[in-house]
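Just below is one structure, and these are the notes that go with it.
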Amino acid sequence: MAKKDGNQEEEISQMEEGNIHSASNSDSNVGFCSSVSVVVILQKLIAEAIGTYFVIFAGCGSVAVNKIYGSVTFPGICVTWGLIVMVMVYTVGYISGAHFNPAVTITFSIFGRFPWKQVPLYIIAQLMGSILASGTLALLFDVTPQAYFGTVPVGSNGQSLAIEIIISFLLMFVISGVATDDRAIGQVAGIAVGMTITLNVFVAGPISGASMNPARSIGPAIVKHVYTGLWVYVVGPIIGTLAGAFVYNLIRSTDKPLRELAKSASSLRS
């Protein structure tokens, strides 16, 4: 019994890491593996949907309230976005990884940090969370075209695309550093990511709306039927996050050889 329990714990651990394999060919173990894997994946999807819901509800809600009542101010909007992301990272990060962003999920999978087979499920959960949050805001407030809380390019599409790529690059560069590097202090990941989003909204908010997240733009667009420049907020964040992760991994990949060279130099001097 102890051995069986140990095998089950090992299987659960593998499932949580996205490596779902059956350690036994027996029908009982296969059934256990299947049932637990479904539960684990459902937990992750629910966490992503809830996390994305509150990110969009608070962030877009601050935009709507400011446009309707004028009481939040632009700095308040920036801080709200950063705070809600930070809070939700610490709340469900240990369950789902706290992506809340299809571009981040796709990038993690391309760089081997997330299983491909879960990507469509994560994206669906994120979009559902965004759509539900946008629908909630539309029911709570009289959202006129002037009070639209989605993202629409203020200038040209090219300008908004460029700035979305840049700020998404910065966001993923920071995420790669604080959430995937073993040398980083994991406890500060939420703070670092939240502050990065706050800074990005300060810089890019007046130009593109500082989406950095296809789900953040798609949800309000579907609910309010505003599709102007929507492609910018799908293409830009994906390109930016891929580039940010690539550059960070390029820098990190040179770290080990440099340390080995330093050790060799030290041994020669001694």
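Glycine is no exception: its Cβ is also placed from the backbone N, Cα and C atoms.
For 45-65 (among others), the entry in Swiss-Prot reads transmembrane segment, with the evidence type sequence analysis.
Residues of the same chain lying 6 or more positions beyond the ends of the transmembrane segment (72-92) and with a Cβ under 8 Å from any Cβ of it are 47-48, 50-51, 54-55, 58-59, 61-63, 65-66, 98, 100, 189-191, 193-198, 201-202, 205-206, 210. Residues or ranges marked as transmembrane segment in Swiss-Prot: 72-92 (among others).
Annotated transmembrane segment per Swiss-Prot: 121-141 (among others), in sequence order.
The transmembrane segment annotation in Swiss-Prot covers 160-180 (among others).
The transmembrane segment feature in Swiss-Prot is assigned to 188-208 (among others).
Counting same-chain residues at least six beyond the ends of the transmembrane segment (231-251), those with a Cβ under 8 angstroms from any Cβ of the stretch are 101-104, 106-108, 110-111, 151, 153, 157, 160-173, 175-177, 181, 208-209, 211-214, 216-218. The transmembrane segment feature in Swiss-Prot is assigned to 231-251 (among others); the stated evidence is sequence analysis.
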*Of the stretches 45-65, 160-180, 188-208, which racks up the most C-beta pairs under 8 Å with the transmembrane segment (121-141)?*
45-65
*Do any residues of this chain, six or more beyond the ends of the transmembrane segment (45-65), have a C-beta under 8 angstroms from a C-beta of it, and if so which?*
71-72, 76-77, 80-81, 83-85, 88, 91-92, 95-96, 98-100, 121-122, 124-126, 128-130, 132-134, 136-137, 141, 143, 147, 149-150, 215-216, 219-220
